[in-house]
Ligand code: GDP
Ligand code: ZN
């Protein structure tokens, strides 16, 4: 499948550091380890050896630890030697050079993980999880990557594959031995396909959410001038960044700021007051604002509780209501005594940007809107590659259900169709892959992983 040469790389992300890691994988790993390090004749696996690291002339480079992992009980499934010297740049460079001199080759990005995949230690979704884990910027993204690494997506996909393979075998038996086997019950077949379809659709839904968890929520604040957008923005961000003014319309363009709600990154956007205008400059600003709002995941529509809903509020609301905004009544502190206030909207979150009252409620509402409130423990989020393959499987099954009557009298075609859906699922876990797909996935890794 690949040349079994021995590869080496620095596995420490940051050097200088207290300790560095040089990882060697392949048939010659131990042999090279023995040249670089004073080791006993019989090296035990998974035991830390302490000693001097030497170059080809026997001169001491550093001292440190060495660990040996015997195939197949290693990350890559091959013999692996890990050397832990001090994390100095010249020391690590020297060890790499010497390992190459003794017969190793410098590893490509992701090559250790690729070998782990090719040796059947992990499937493709787990390999992707490792890249995701390394890149995760938030707690939530980390948790999701861990779930992927544990094989939670593979398990679901494999269950679906099994269901399809069961159907395929039934149809195949009927084609090959029409006298001996009973004809497939049409209703059962249809129900099975529908059940698989439903599960695929559920997985497909996790794509958008995964994107939000990995990349963050885009949150736009919209409303007429003076309702307190900038104040709300500042209250969120936690420090004064937007210019809060007593005069109308000071926030001409947009301000963007990043923050985090419950471990999820949020990109907050304060839009200029959207309203009808004859002024050309302002018109451009409005166009831009509307475009930004279109891109937002969640829109906060802000009005002023102390002045109530105005004509202008309604005009703006009309423009953005397709985004299904969260309605925020600001300046609660000014109307606290009038607690029977009747709002036009029946689902208003009253807040005060001045006293921060009800901000927790507002944050909860934002997460709820994106279905992000539930436990992260079960989170599975598919990536774009999974999405494309699941979509393909979905389309095939939909086609089968649509032409169901016809296919029942053409069982060979029916079998081919279901096999096509099954193969798309197989590609997710990497049962079948091409060099292109592998290259694409593993090139995104860092060296040493
Ligand atoms: P924007 O034009 O929508 O961005 O509104 P600003 O944030 O500039 O606020 C307009 C005015 O309302 C300023 O004088 C703020 O101090 C005031 N303001 C904003 N939020 C609140 C609030 O929650 N309570 C009170 N009492 N005043 C507020
Ligand atoms: Zn403002």
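In case you wondered, yes, glycine gets a Cβ from its N, Cα and C as well.
Residues or ranges marked as (6S)-5-formyl-5,6,7,8-tetrahydrofolate binding site in TrEMBL: 23, 82, 121, 449. Within 10 Å of the C-beta of residue 82 ((6S)-5-formyl-5,6,7,8-tetrahydrofolate binding site) we count 20 further C-beta atoms, all protein chains included.
Annotation source TrEMBL lists domain 'TrmE-type G' at 216-371.
Residues annotated as GTP binding site in TrEMBL: 226-231, 245-251, 270-273. For residue 229 (GTP binding site), the number of other Cβ atoms no farther than 10 Å from its own Cβ, over all displayed protein chains, is 27. According to DSSP, residue 229 (GTP binding site) sits within a helical segment.
The Mg(2+) binding site annotation in TrEMBL covers 230, 251.
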All-chain count of other Cβ atoms within 10 Å of residue 449 ((6S)-5-formyl-5,6,7,8-tetrahydrofolate binding site): 23
Annotated binding-site residues 23, 121, 226, 229, 230, filtered by Cβ under 6 Å to ligand 2: 229, 230
Binding-site residues: 226, 230 - member with fewest neighbouring CB atoms within 10 Å: 226
Site of maximum Cβ density within 10 Å, from binding-site residues 23, 121: 23
Distance, residue 229 (GTP binding site) to residue 121 ((6S)-5-formyl-5,6,7,8-tetrahydrofolate binding site) (CA atoms, angstrom): 53
Inter-residue C-alpha distance, residue 229 (GTP binding site) and residue 449 ((6S)-5-formyl-5,6,7,8-tetrahydrofolate binding site) (nearest angstrom): 46
Distance-selected binding-site residues near ligand 1 (C-beta under 6 Å), from 23, 82, 121, 230, 449: 230
